Amino acid sequence: MCGIWALFGSDECLSVQCLSAMKIAHRGPDAFRFENVNGFTNCCFGFHRLAIVDQLYGMQPIRVKKFPYLWLCYNGEIYNFRQLQKQFGFEYQTLVDGEVILHLYNRGGIEQTASMLDGVFAFILLDTANRKVFLGRDTYGVRPLFKVLTEDGFLGVCSEAKGLVNLKHSMSTCPKVEPFLPGHYEVLDLKPSGKVASVELVKFHSCKDEPLHAVYDTVENLPAGLDLETVKSNIRLLFENAVKKRLMSHRRIGCLLSGGLDSSLVAAMLLKLMKEASVNYPLQTFAIGMEDSPDLLAARKVAAYIGSEHHEVIFNSEEGIQALEEVIFSLETYDITTVRASVGMYLVSKHIRKKTDSVVIFSGEGSDELTQGYIYFHKAPSPEEAMEDSERLLRELYMFDVLRADRTTAAHGLELRVPFLDHRFTSYYLSLPAELRIPKDGIEKHLLRESFQDSNLLPKEILWRPKEAFSDGITSLKKSWFSILQDHVDLQVDDLLLEKAAEKFPFNPPKTKEGYYYRQIFEKHYPGRADWLSHYWMPRWIEATDPSARTLKHYKSATKE
(Lines of atoms letter the chains of each structure in order from A; the text may use other names.)
(Lines give C-alpha, C1' and ligand atoms only; values in the text may rest on other atoms or scores of the structure.)
Protein backbone atom coordinates (compact mmCIF):
# COMPACT_ATOMS: atom_id res chain seq x y z
CA MET A 1 0.00 0.00 0.00
CA CYS A 2 1.33 3.42 -0.86
CA GLY A 3 0.47 6.74 -2.46
CA ILE A 4 1.22 7.45 -6.11
CA TRP A 5 1.12 10.82 -7.85
CA ALA A 6 2.28 12.01 -11.27
CA LEU A 7 2.03 15.06 -13.50
CA PHE A 8 2.56 15.35 -17.24
CA GLY A 9 2.75 18.71 -19.01
CA SER A 10 2.56 21.02 -16.00
CA ASP A 11 2.56 24.73 -16.87
CA GLU A 12 3.38 25.68 -13.29
CA CYS A 13 6.60 25.30 -11.33
CA LEU A 14 6.89 21.67 -10.24
CA SER A 15 8.22 22.57 -6.80
CA VAL A 16 4.90 24.36 -6.15
CA GLN A 17 2.83 21.57 -7.67
CA CYS A 18 4.54 18.88 -5.60
CA LEU A 19 3.00 20.34 -2.45
CA SER A 20 -0.20 18.63 -3.65
CA ALA A 21 1.58 15.27 -3.50
CA MET A 22 2.01 15.76 0.25
CA LYS A 23 -1.78 15.53 0.69
CA ILE A 24 -1.49 11.73 0.43
CA ALA A 25 1.54 11.30 2.73
CA HIS A 26 -0.57 9.15 5.10
CA ARG A 27 -0.61 6.36 2.48
CA GLY A 28 3.15 5.85 2.76
CA PRO A 29 4.71 6.96 6.04
CA ASP A 30 8.02 5.10 5.49
CA ALA A 31 9.61 7.14 2.68
CA PHE A 32 8.93 9.80 0.04
CA ARG A 33 10.46 10.43 -3.37
CA PHE A 34 9.83 13.14 -5.93
CA GLU A 35 11.45 12.54 -9.32
CA ASN A 36 11.54 14.49 -12.59
CA VAL A 37 11.43 12.63 -15.89
CA ASN A 38 14.63 12.86 -17.96
CA GLY A 39 14.05 14.92 -21.07
CA PHE A 40 10.63 16.19 -19.93
CA THR A 41 11.15 19.09 -17.54
CA ASN A 42 7.42 19.45 -16.83
CA CYS A 43 6.73 15.77 -16.00
CA CYS A 44 7.32 14.16 -12.62
CA PHE A 45 6.40 11.37 -10.22
CA GLY A 46 5.70 11.56 -6.50
CA PHE A 47 5.67 8.46 -4.31
CA HIS A 48 4.87 7.81 -0.64
CA ARG A 49 6.03 4.40 0.48
CA LEU A 50 4.70 1.88 2.96
CA ALA A 51 7.38 -0.81 2.85
CA ILE A 52 5.69 -4.22 2.69
CA VAL A 53 7.97 -6.19 0.34
CA ASP A 54 11.64 -5.61 -0.57
CA GLN A 55 12.42 -3.00 2.04
CA LEU A 56 15.80 -2.22 0.42
CA TYR A 57 14.98 -1.79 -3.28
CA GLY A 58 11.28 -1.00 -3.19
CA MET A 59 11.34 2.73 -3.87
CA GLN A 60 9.45 4.10 -6.87
CA PRO A 61 9.22 5.04 -9.66
CA ILE A 62 10.64 1.59 -10.39
CA ARG A 63 13.26 1.52 -13.12
CA VAL A 64 15.41 -1.46 -14.06
CA LYS A 65 18.62 -1.65 -16.12
CA LYS A 66 16.99 -3.86 -18.74
CA PHE A 67 14.34 -1.25 -19.65
CA PRO A 68 15.85 2.19 -18.91
CA TYR A 69 13.04 3.88 -20.88
CA LEU A 70 10.27 2.51 -18.61
CA TRP A 71 9.09 4.27 -15.45
CA LEU A 72 6.53 2.66 -13.14
CA CYS A 73 4.63 4.01 -10.17
CA TYR A 74 2.09 1.59 -8.76
CA ASN A 75 0.04 1.04 -5.63
CA GLY A 76 -0.94 -2.55 -4.93
CA GLU A 77 0.13 -6.15 -4.61
CA ILE A 78 0.59 -8.54 -7.53
CA TYR A 79 0.12 -11.98 -6.01
CA ASN A 80 1.18 -14.01 -9.05
CA PHE A 81 4.51 -12.28 -9.81
CA ARG A 82 6.46 -15.45 -8.94
CA GLN A 83 4.26 -17.72 -11.11
CA LEU A 84 4.64 -15.34 -14.05
CA GLN A 85 8.40 -15.22 -13.55
CA LYS A 86 8.52 -19.02 -13.69
CA GLN A 87 6.15 -19.18 -16.67
CA PHE A 88 7.92 -16.62 -18.85
CA GLY A 89 11.48 -16.77 -17.50
CA PHE A 90 11.55 -13.14 -16.33
CA GLU A 91 14.78 -12.01 -14.69
CA TYR A 92 13.86 -9.70 -11.81
CA GLN A 93 16.23 -7.05 -10.55
CA THR A 94 14.36 -6.47 -7.27
CA LEU A 95 12.07 -8.40 -4.93
CA VAL A 96 9.23 -5.95 -5.65
CA ASP A 97 6.10 -7.72 -6.91
CA GLY A 98 5.23 -4.80 -9.19
CA GLU A 99 8.41 -5.18 -11.23
CA VAL A 100 6.52 -7.88 -13.17
CA ILE A 101 4.49 -5.07 -14.82
CA LEU A 102 7.63 -3.89 -16.67
CA HIS A 103 8.47 -7.39 -17.91
CA LEU A 104 4.90 -8.17 -18.97
CA TYR A 105 4.65 -4.88 -20.85
CA ASN A 106 7.94 -5.53 -22.64
CA ARG A 107 6.77 -9.04 -23.55
CA GLY A 108 3.22 -8.44 -24.75
CA GLY A 109 2.08 -4.82 -24.48
CA ILE A 110 -0.38 -3.14 -22.14
CA GLU A 111 -3.48 -5.27 -22.76
CA GLN A 112 -1.77 -8.50 -21.81
CA THR A 113 -0.07 -6.79 -18.87
CA ALA A 114 -3.32 -5.61 -17.26
CA SER A 115 -5.09 -8.93 -17.89
CA MET A 116 -2.28 -11.03 -16.44
CA LEU A 117 -2.06 -9.29 -13.07
CA ASP A 118 -3.61 -11.26 -10.22
CA GLY A 119 -3.95 -8.78 -7.42
CA VAL A 120 -5.04 -5.26 -6.58
CA PHE A 121 -3.38 -2.36 -8.30
CA ALA A 122 -3.43 1.16 -9.65
CA PHE A 123 -0.50 2.05 -11.88
CA ILE A 124 1.10 4.77 -13.99
CA LEU A 125 3.49 3.35 -16.58
CA LEU A 126 5.60 5.69 -18.72
CA ASP A 127 7.37 4.48 -21.86
CA THR A 128 9.67 7.32 -22.96
CA ALA A 129 11.00 5.34 -25.96
CA ASN A 130 7.54 5.09 -27.52
CA ARG A 131 6.20 8.27 -25.89
CA LYS A 132 3.25 6.55 -24.18
CA VAL A 133 1.63 6.87 -20.75
CA PHE A 134 -0.56 4.04 -19.45
CA LEU A 135 -2.94 4.11 -16.50
CA GLY A 136 -4.58 0.98 -15.08
CA ARG A 137 -6.77 -0.08 -12.16
CA ASP A 138 -7.81 -3.46 -10.80
CA THR A 139 -11.18 -5.11 -11.48
CA TYR A 140 -12.96 -3.92 -8.31
CA GLY A 141 -11.03 -0.72 -7.70
CA VAL A 142 -9.65 -2.04 -4.40
CA ARG A 143 -6.76 0.35 -4.97
CA PRO A 144 -7.89 3.91 -5.68
CA LEU A 145 -6.94 6.12 -8.61
CA PHE A 146 -8.05 9.60 -9.67
CA LYS A 147 -7.07 11.68 -12.66
CA VAL A 148 -7.43 15.15 -14.08
CA LEU A 149 -6.97 15.70 -17.82
CA THR A 150 -7.39 19.20 -19.23
CA GLU A 151 -8.31 20.11 -22.80
CA ASP A 152 -4.77 21.27 -23.51
CA GLY A 153 -3.29 17.92 -22.39
CA PHE A 154 -2.15 18.49 -18.80
CA LEU A 155 -2.52 15.19 -16.90
CA GLY A 156 -2.48 14.70 -13.14
CA VAL A 157 -2.88 11.25 -11.54
CA CYS A 158 -3.12 10.41 -7.85
CA SER A 159 -4.22 7.69 -5.42
CA GLU A 160 -6.70 10.09 -3.82
CA ALA A 161 -8.55 13.09 -5.21
CA LYS A 162 -7.17 15.37 -2.50
CA GLY A 163 -3.77 15.24 -4.23
CA LEU A 164 -5.24 16.78 -7.41
CA VAL A 165 -7.89 19.32 -6.37
CA ASN A 166 -5.41 22.14 -5.65
CA LEU A 167 -3.18 21.73 -8.70
CA LYS A 168 -2.35 24.96 -10.48
CA HIS A 169 -3.05 25.21 -14.19
CA SER A 170 -3.57 28.05 -16.64
CA MET A 171 -7.32 27.60 -17.05
CA SER A 172 -10.23 29.85 -16.29
CA THR A 173 -12.28 26.95 -14.89
CA CYS A 174 -11.34 24.42 -12.24
CA PRO A 175 -10.12 21.21 -13.96
CA LYS A 176 -12.40 18.19 -13.49
CA VAL A 177 -11.04 15.52 -11.15
CA GLU A 178 -12.63 12.09 -11.61
CA PRO A 179 -12.18 8.53 -10.41
CA PHE A 180 -10.42 6.25 -12.88
CA LEU A 181 -12.76 3.36 -13.68
CA PRO A 182 -11.94 -0.08 -12.20
CA GLY A 183 -11.08 -2.90 -14.61
CA HIS A 184 -9.83 -0.43 -17.24
CA TYR A 185 -6.56 0.77 -18.67
CA GLU A 186 -6.00 3.98 -20.63
CA VAL A 187 -3.43 4.67 -23.34
CA LEU A 188 -2.18 8.24 -23.78
CA ASP A 189 0.32 9.71 -26.25
CA LEU A 190 3.10 11.75 -24.68
CA LYS A 191 3.95 14.77 -26.82
CA PRO A 192 7.41 16.41 -26.95
CA SER A 193 5.91 19.27 -24.88
CA GLY A 194 5.19 16.83 -22.02
CA LYS A 195 1.45 17.19 -22.58
CA VAL A 196 -0.64 14.10 -23.37
CA ALA A 197 -3.54 13.08 -25.59
CA SER A 198 -5.85 10.19 -24.66
CA VAL A 199 -5.88 7.47 -27.34
CA GLU A 200 -8.21 4.86 -25.85
CA LEU A 201 -9.82 3.66 -22.62
CA VAL A 202 -10.21 -0.13 -22.57
CA LYS A 203 -12.14 -2.40 -20.22
CA PHE A 204 -9.80 -5.35 -19.77
CA HIS A 205 -11.76 -7.44 -17.28
CA SER A 206 -15.36 -7.94 -16.11
CA CYS A 207 -16.05 -9.55 -12.75
CA LYS A 208 -17.99 -12.44 -14.34
CA ASP A 209 -15.17 -13.47 -16.69
CA GLU A 210 -12.54 -15.93 -15.55
CA PRO A 211 -9.31 -13.89 -15.56
CA LEU A 212 -6.62 -14.58 -18.13
CA HIS A 213 -4.08 -15.30 -15.38
CA ALA A 214 -6.17 -18.27 -14.12
CA VAL A 215 -4.25 -20.45 -16.62
CA TYR A 216 -1.10 -19.97 -14.53
CA ASP A 217 -2.76 -20.14 -11.10
CA THR A 218 -1.54 -22.50 -8.40
CA VAL A 219 -5.03 -24.00 -8.24
CA GLU A 220 -5.35 -26.32 -11.21
CA ASN A 221 -8.54 -26.82 -13.19
CA LEU A 222 -11.51 -27.16 -10.85
CA PRO A 223 -14.01 -30.01 -11.15
CA ALA A 224 -16.74 -28.73 -13.48
CA GLY A 225 -19.86 -30.32 -12.00
CA LEU A 226 -22.73 -28.31 -10.52
CA ASP A 227 -23.75 -30.86 -7.91
CA LEU A 228 -23.78 -29.23 -4.47
CA GLU A 229 -20.82 -31.15 -3.01
CA THR A 230 -18.55 -30.19 -5.94
CA VAL A 231 -19.63 -26.56 -5.75
CA LYS A 232 -19.03 -26.39 -1.99
CA SER A 233 -15.62 -28.04 -2.33
CA ASN A 234 -14.61 -25.56 -5.08
CA ILE A 235 -15.74 -22.60 -2.96
CA ARG A 236 -13.61 -23.83 -0.03
CA LEU A 237 -10.61 -24.49 -2.27
CA LEU A 238 -10.72 -21.11 -4.02
CA PHE A 239 -11.31 -19.20 -0.80
CA GLU A 240 -8.35 -20.91 0.87
CA ASN A 241 -6.23 -20.09 -2.19
CA ALA A 242 -7.41 -16.44 -2.06
CA VAL A 243 -6.25 -16.08 1.55
CA LYS A 244 -3.03 -18.04 1.02
CA LYS A 245 -1.72 -15.90 -1.85
CA ARG A 246 -2.33 -12.78 0.27
CA LEU A 247 0.11 -13.89 2.97
CA MET A 248 2.89 -12.26 0.91
CA SER A 249 4.44 -9.71 3.30
CA HIS A 250 7.61 -8.72 5.14
CA ARG A 251 5.51 -6.87 7.74
CA ARG A 252 3.19 -8.17 10.45
CA ILE A 253 -0.26 -9.40 9.40
CA GLY A 254 -3.45 -8.67 11.40
CA CYS A 255 -7.17 -9.05 10.75
CA LEU A 256 -10.29 -7.01 11.39
CA LEU A 257 -12.89 -9.13 13.13
CA SER A 258 -16.48 -7.95 13.59
CA GLY A 259 -17.79 -11.39 14.53
CA GLY A 260 -19.92 -11.48 11.38
CA LEU A 261 -19.61 -14.33 8.91
CA ASP A 262 -17.23 -12.66 6.44
CA SER A 263 -14.50 -11.32 8.72
CA SER A 264 -14.74 -14.48 10.88
CA LEU A 265 -14.17 -16.76 7.88
CA VAL A 266 -11.20 -14.64 6.79
CA ALA A 267 -9.69 -14.64 10.30
CA ALA A 268 -10.19 -18.39 10.80
CA MET A 269 -8.71 -19.30 7.42
CA LEU A 270 -5.87 -16.82 7.89
CA LEU A 271 -4.91 -18.31 11.25
CA LYS A 272 -5.01 -21.85 9.85
CA LEU A 273 -2.73 -20.91 6.92
CA MET A 274 -0.33 -18.88 9.08
CA LYS A 275 0.15 -21.92 11.29
CA GLU A 276 0.76 -24.11 8.24
CA ALA A 277 3.28 -21.59 6.93
CA SER A 278 4.99 -21.53 10.38
CA VAL A 279 4.60 -17.75 10.70
CA ASN A 280 6.51 -16.92 13.87
CA TYR A 281 4.04 -14.54 15.54
CA PRO A 282 0.42 -14.83 16.69
CA LEU A 283 -2.35 -13.41 14.54
CA GLN A 284 -3.75 -10.21 16.05
CA THR A 285 -7.48 -9.71 15.51
CA PHE A 286 -9.21 -6.38 16.09
CA ALA A 287 -12.82 -5.64 16.99
CA ILE A 288 -14.44 -2.27 17.66
CA GLY A 289 -17.70 -1.35 19.33
CA MET A 290 -19.48 0.52 22.08
CA GLU A 291 -20.16 -1.22 25.39
CA ASP A 292 -22.52 -4.23 24.92
CA SER A 293 -22.35 -4.16 21.11
CA PRO A 294 -23.30 -7.47 19.46
CA ASP A 295 -20.15 -7.32 17.29
CA LEU A 296 -17.81 -7.25 20.29
CA LEU A 297 -19.46 -10.30 21.87
CA ALA A 298 -19.45 -12.28 18.62
CA ALA A 299 -15.84 -11.32 17.81
CA ARG A 300 -14.74 -12.40 21.29
CA LYS A 301 -16.36 -15.80 20.68
CA VAL A 302 -14.59 -16.22 17.32
CA ALA A 303 -11.19 -15.12 18.66
CA ALA A 304 -11.45 -17.60 21.57
CA TYR A 305 -12.44 -20.38 19.16
CA ILE A 306 -9.65 -19.80 16.61
CA GLY A 307 -7.02 -18.78 19.17
CA SER A 308 -6.01 -15.32 17.93
CA GLU A 309 -4.42 -12.58 20.03
CA HIS A 310 -7.55 -10.48 20.29
CA HIS A 311 -7.77 -6.70 20.77
CA GLU A 312 -10.96 -4.76 21.53
CA VAL A 313 -11.36 -1.06 20.87
CA ILE A 314 -14.21 0.50 22.85
CA PHE A 315 -15.47 3.91 21.77
CA ASN A 316 -18.34 6.13 22.88
CA SER A 317 -20.81 8.15 20.85
CA GLU A 318 -18.92 11.40 21.53
CA GLU A 319 -15.68 10.02 20.03
CA GLY A 320 -17.61 8.71 17.02
CA ILE A 321 -19.29 12.05 16.37
CA GLN A 322 -16.02 13.96 16.84
CA ALA A 323 -14.35 11.80 14.18
CA LEU A 324 -16.98 12.56 11.49
CA GLU A 325 -15.21 15.49 9.85
CA GLU A 326 -11.82 13.80 9.51
CA VAL A 327 -13.56 10.63 8.31
CA ILE A 328 -15.42 12.49 5.53
CA PHE A 329 -12.20 14.30 4.57
CA SER A 330 -10.39 10.94 4.33
CA LEU A 331 -13.21 9.23 2.42
CA GLU A 332 -13.88 11.95 -0.18
CA THR A 333 -17.56 11.00 -0.16
CA TYR A 334 -20.81 12.06 1.51
CA ASP A 335 -22.68 8.78 1.00
CA ILE A 336 -24.68 8.17 4.16
CA THR A 337 -24.16 4.45 4.72
CA THR A 338 -20.45 4.75 3.81
CA VAL A 339 -19.86 7.54 6.33
CA ARG A 340 -21.71 5.65 9.09
CA ALA A 341 -19.77 2.44 8.53
CA SER A 342 -16.44 4.26 8.20
CA VAL A 343 -16.31 5.75 11.68
CA GLY A 344 -15.72 2.40 13.42
CA MET A 345 -13.21 1.28 10.80
CA TYR A 346 -11.35 4.60 11.00
CA LEU A 347 -11.10 4.43 14.80
CA VAL A 348 -9.99 0.79 14.87
CA SER A 349 -7.34 1.54 12.20
CA LYS A 350 -6.08 4.46 14.29
CA HIS A 351 -5.71 2.10 17.28
CA ILE A 352 -3.88 -0.56 15.20
CA ARG A 353 -1.36 2.02 13.94
CA LYS A 354 -0.70 3.56 17.35
CA LYS A 355 -0.76 0.54 19.64
CA THR A 356 0.43 -2.47 17.60
CA ASP A 357 2.95 -3.45 14.94
CA SER A 358 0.39 -5.04 12.58
CA VAL A 359 0.53 -3.26 9.21
CA VAL A 360 -1.04 -5.63 6.66
CA ILE A 361 -4.71 -5.93 7.60
CA PHE A 362 -7.09 -8.58 6.26
CA SER A 363 -10.82 -7.91 6.14
CA GLY A 364 -14.11 -9.34 4.84
CA GLU A 365 -15.08 -6.65 2.29
CA GLY A 366 -16.79 -7.71 -0.91
CA SER A 367 -18.59 -10.76 0.41
CA ASP A 368 -21.98 -9.06 0.85
CA GLU A 369 -21.98 -7.90 -2.76
CA LEU A 370 -20.73 -11.20 -4.13
CA THR A 371 -22.81 -13.62 -2.04
CA GLN A 372 -26.01 -11.52 -1.76
CA GLY A 373 -25.49 -10.83 1.91
CA TYR A 374 -27.57 -7.69 2.30
CA ILE A 375 -30.89 -8.28 4.00
CA TYR A 376 -32.85 -6.70 1.15
CA PHE A 377 -31.90 -9.69 -1.05
CA HIS A 378 -34.66 -11.62 0.76
CA LYS A 379 -37.08 -9.42 -1.20
CA ALA A 380 -35.56 -10.01 -4.65
CA PRO A 381 -38.37 -10.68 -7.17
CA SER A 382 -36.40 -13.53 -8.79
CA PRO A 383 -32.99 -15.28 -8.59
CA GLU A 384 -32.07 -13.58 -11.91
CA GLU A 385 -32.79 -10.10 -10.56
CA ALA A 386 -30.84 -10.92 -7.39
CA MET A 387 -27.93 -12.03 -9.56
CA GLU A 388 -28.04 -8.81 -11.61
CA ASP A 389 -28.09 -6.69 -8.49
CA SER A 390 -25.16 -8.59 -7.02
CA GLU A 391 -23.15 -7.80 -10.15
CA ARG A 392 -24.20 -4.15 -10.02
CA LEU A 393 -23.01 -3.91 -6.42
CA LEU A 394 -19.65 -5.42 -7.37
CA ARG A 395 -19.25 -2.92 -10.22
CA GLU A 396 -20.01 -0.06 -7.82
CA LEU A 397 -17.82 -1.25 -4.95
CA TYR A 398 -15.20 1.40 -5.73
CA MET A 399 -17.67 4.13 -4.69
CA PHE A 400 -18.81 2.40 -1.51
CA ASP A 401 -17.39 -0.49 0.53
CA VAL A 402 -13.88 -0.75 -0.92
CA LEU A 403 -13.62 3.04 -0.89
CA ARG A 404 -14.45 2.95 2.84
CA ALA A 405 -12.07 0.08 3.52
CA ASP A 406 -9.17 1.62 1.61
CA ARG A 407 -9.44 5.19 2.91
CA THR A 408 -10.04 4.36 6.58
CA THR A 409 -7.02 2.02 6.73
CA ALA A 410 -4.78 4.08 4.42
CA ALA A 411 -5.48 7.19 6.53
CA HIS A 412 -3.39 5.45 9.20
CA GLY A 413 -0.73 3.92 6.94
CA LEU A 414 -2.15 0.38 6.94
CA GLU A 415 -2.47 -1.94 3.97
CA LEU A 416 -5.78 -3.67 3.38
CA ARG A 417 -6.20 -7.17 1.91
CA VAL A 418 -9.59 -8.47 0.78
CA PRO A 419 -9.64 -12.19 -0.15
CA PHE A 420 -13.38 -12.22 -0.98
CA LEU A 421 -12.57 -10.06 -4.01
CA ASP A 422 -10.03 -12.52 -5.40
CA HIS A 423 -10.53 -12.72 -9.20
CA ARG A 424 -10.71 -16.52 -9.35
CA PHE A 425 -13.03 -16.76 -6.37
CA THR A 426 -15.47 -14.10 -7.58
CA SER A 427 -15.60 -15.28 -11.19
CA TYR A 428 -16.35 -18.84 -10.02
CA TYR A 429 -19.04 -17.73 -7.57
CA LEU A 430 -20.69 -15.56 -10.24
CA SER A 431 -20.66 -18.46 -12.71
CA LEU A 432 -22.92 -20.55 -10.47
CA PRO A 433 -26.65 -20.86 -11.29
CA ALA A 434 -28.66 -17.89 -9.99
CA GLU A 435 -30.95 -20.04 -7.81
CA LEU A 436 -27.95 -21.47 -5.90
CA ARG A 437 -26.88 -18.01 -4.73
CA ILE A 438 -30.09 -16.55 -3.33
CA PRO A 439 -31.02 -16.49 0.38
CA LYS A 440 -32.50 -19.80 1.51
CA ASP A 441 -34.60 -20.78 4.54
CA GLY A 442 -34.66 -17.11 5.56
CA ILE A 443 -30.86 -16.94 5.70
CA GLU A 444 -28.71 -14.82 3.39
CA LYS A 445 -25.35 -16.17 2.05
CA HIS A 446 -26.72 -19.69 2.55
CA LEU A 447 -24.39 -21.28 -0.01
CA LEU A 448 -21.27 -19.71 1.51
CA ARG A 449 -22.28 -20.81 5.02
CA GLU A 450 -23.15 -24.30 3.83
CA SER A 451 -19.77 -24.63 2.09
CA PHE A 452 -17.97 -24.27 5.44
CA GLN A 453 -20.54 -26.19 7.51
CA ASP A 454 -18.26 -29.21 8.11
CA SER A 455 -14.92 -27.42 8.06
CA ASN A 456 -14.71 -26.73 11.83
CA LEU A 457 -13.27 -23.31 10.97
CA LEU A 458 -15.96 -21.51 13.00
CA PRO A 459 -18.50 -22.21 15.75
CA LYS A 460 -21.94 -23.02 14.25
CA GLU A 461 -23.62 -19.99 15.87
CA ILE A 462 -21.13 -17.68 14.12
CA LEU A 463 -21.31 -19.52 10.80
CA TRP A 464 -25.10 -19.07 10.80
CA ARG A 465 -25.24 -15.65 12.51
CA PRO A 466 -27.69 -13.36 10.60
CA LYS A 467 -26.34 -10.31 8.80
CA GLU A 468 -25.61 -7.27 10.98
CA ALA A 469 -24.49 -4.14 9.15
CA PHE A 470 -21.06 -3.04 10.42
CA SER A 471 -22.29 0.44 11.27
CA ASP A 472 -25.11 -1.09 13.36
CA GLY A 473 -23.28 -4.00 14.97
CA ILE A 474 -20.75 -1.72 16.65
CA THR A 475 -23.47 -0.22 18.89
CA SER A 476 -25.97 -1.79 21.22
CA LEU A 477 -29.31 -3.26 20.18
CA LYS A 478 -30.98 -0.68 22.43
CA LYS A 479 -29.74 2.24 20.35
CA SER A 480 -28.28 1.95 16.85
CA TRP A 481 -25.35 4.04 15.63
CA PHE A 482 -27.58 5.65 13.01
CA SER A 483 -30.01 6.77 15.75
CA ILE A 484 -27.14 8.30 17.75
CA LEU A 485 -25.97 10.15 14.63
CA GLN A 486 -29.47 11.34 13.77
CA ASP A 487 -30.04 12.67 17.30
CA HIS A 488 -26.80 14.66 17.05
CA VAL A 489 -27.51 15.96 13.54
CA ASP A 490 -31.05 16.99 14.47
CA LEU A 491 -29.57 19.75 16.61
CA GLN A 492 -27.16 20.87 13.87
CA VAL A 493 -29.47 21.17 10.84
CA ASP A 494 -32.76 23.03 11.07
CA ASP A 495 -35.86 22.13 9.05
CA LEU A 496 -35.63 25.17 6.79
CA LEU A 497 -32.15 24.21 5.57
CA LEU A 498 -33.38 20.75 4.67
CA GLU A 499 -36.40 22.19 2.82
CA LYS A 500 -34.04 24.20 0.61
CA ALA A 501 -31.51 21.38 0.17
CA ALA A 502 -32.35 20.79 -3.49
CA GLU A 503 -31.71 24.47 -4.29
CA LYS A 504 -28.35 24.49 -2.55
CA PHE A 505 -27.28 21.00 -3.72
CA PRO A 506 -29.08 20.29 -7.02
CA PHE A 507 -26.91 17.20 -7.69
CA ASN A 508 -27.73 14.27 -5.35
CA PRO A 509 -29.77 16.53 -3.03
CA PRO A 510 -29.81 15.22 0.55
CA LYS A 511 -33.26 14.08 1.73
CA THR A 512 -32.51 13.81 5.44
CA LYS A 513 -30.79 16.00 8.00
CA GLU A 514 -28.05 13.42 8.38
CA GLY A 515 -27.41 13.49 4.62
CA TYR A 516 -27.39 17.30 4.68
CA TYR A 517 -24.90 17.38 7.55
CA TYR A 518 -22.45 15.06 5.75
CA ARG A 519 -22.83 16.98 2.51
CA GLN A 520 -21.98 20.26 4.25
CA ILE A 521 -18.74 18.77 5.59
CA PHE A 522 -17.89 17.29 2.19
CA GLU A 523 -18.51 20.61 0.38
CA LYS A 524 -16.31 22.42 2.90
CA HIS A 525 -13.34 20.25 1.88
CA TYR A 526 -14.24 19.47 -1.75
CA PRO A 527 -16.49 22.27 -3.01
CA GLY A 528 -18.31 21.49 -6.26
CA ARG A 529 -17.04 17.89 -6.44
CA ALA A 530 -20.31 16.13 -5.57
CA ASP A 531 -20.28 14.14 -8.81
CA TRP A 532 -17.55 11.84 -7.44
CA LEU A 533 -20.57 9.96 -6.07
CA SER A 534 -23.09 9.11 -8.81
CA HIS A 535 -25.85 8.04 -6.38
CA TYR A 536 -26.46 7.14 -2.74
CA TRP A 537 -26.24 3.51 -1.60
CA MET A 538 -29.78 2.26 -0.85
CA PRO A 539 -31.46 -1.17 -0.59
CA ARG A 540 -33.62 -2.33 -3.51
CA TRP A 541 -37.10 -3.85 -3.88
CA ILE A 542 -38.43 -2.38 -0.64
CA GLU A 543 -39.83 0.90 0.58
CA ALA A 544 -36.74 2.20 2.38
CA THR A 545 -35.98 5.73 3.48
CA ASP A 546 -32.80 4.78 5.33
CA PRO A 547 -29.94 2.49 4.25
CA SER A 548 -29.63 0.84 7.70
CA ALA A 549 -30.59 -2.84 7.82
CA ARG A 550 -32.05 -2.28 11.27
CA THR A 551 -34.91 -0.26 9.78
CA LEU A 552 -36.05 -3.18 7.60
CA LYS A 553 -38.92 -5.46 8.62
CA HIS A 554 -36.91 -8.57 7.84
CA TYR A 555 -34.17 -7.49 10.28
CA LYS A 556 -36.72 -7.15 13.08
CA SER A 557 -38.17 -10.59 12.47
CA ALA A 558 -34.69 -12.13 12.13
CA THR A 559 -33.48 -10.74 15.45
CA LYS A 560 -36.56 -11.95 17.32
CA GLU A 561 -36.10 -15.58 16.29
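Residue 1 is the first one shown; counting continues down the chain.
Glycine is no exception: its Cβ is also placed from the backbone N, Cα and C atoms.
The following features are taken from TrEMBL:
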- 2-191: domain 'Glutamine amidotransferase type-2' (DOMAIN)
- CYS2: active site, for GATase activity (ACT_SITE)
- ASP97: L-glutamine binding site (BINDING)
- LEU256, ILE288, SER363, GLY364: ATP binding site (BINDING)
- GLU365: site 'Important for beta-aspartyl-AMP intermediate formation' (SITE)
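Projection of TrEMBL feature records onto the structure.
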residue	record	CB count, 10 Å
CYS2	active site, for GATase activity	28
ASP97	L-glutamine binding site	25
LEU256	ATP binding site	28
ILE288	ATP binding site	28
SER363	ATP binding site	26
GLY364	ATP binding site	25
GLU365	site 'Important for beta-aspartyl-AMP intermediate formation'	29
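Counting only the Cα atoms, the space from SER363 (ATP binding site) to the residue listed as 'active site, for GATase activity' is about 18 angstrom.
Maximum intra-site Cα distance, ATP binding residues LEU256, ILE288, SER363, GLY364: 15 Å. On the 0 to 100 pLDDT scale, the domain 'Glutamine amidotransferase type-2' (2-191) averages 93 in this prediction.
Considering only the recorded positions CYS2, ASP97, LEU256, ILE288, GLU365 (site 'Important for beta-aspartyl-AMP intermediate formation') has LEU256 as its nearest partner by CA-CA distance. Rounded to a whole number, the C-alpha distance linking the residue listed as 'active site, for GATase activity' with ASP97 (L-glutamine binding site) is 14 angstrom.
With respect to their backbone Cα atoms, ASP97 (L-glutamine binding site) and GLY364 (ATP binding site) stand 23 Å from each other.
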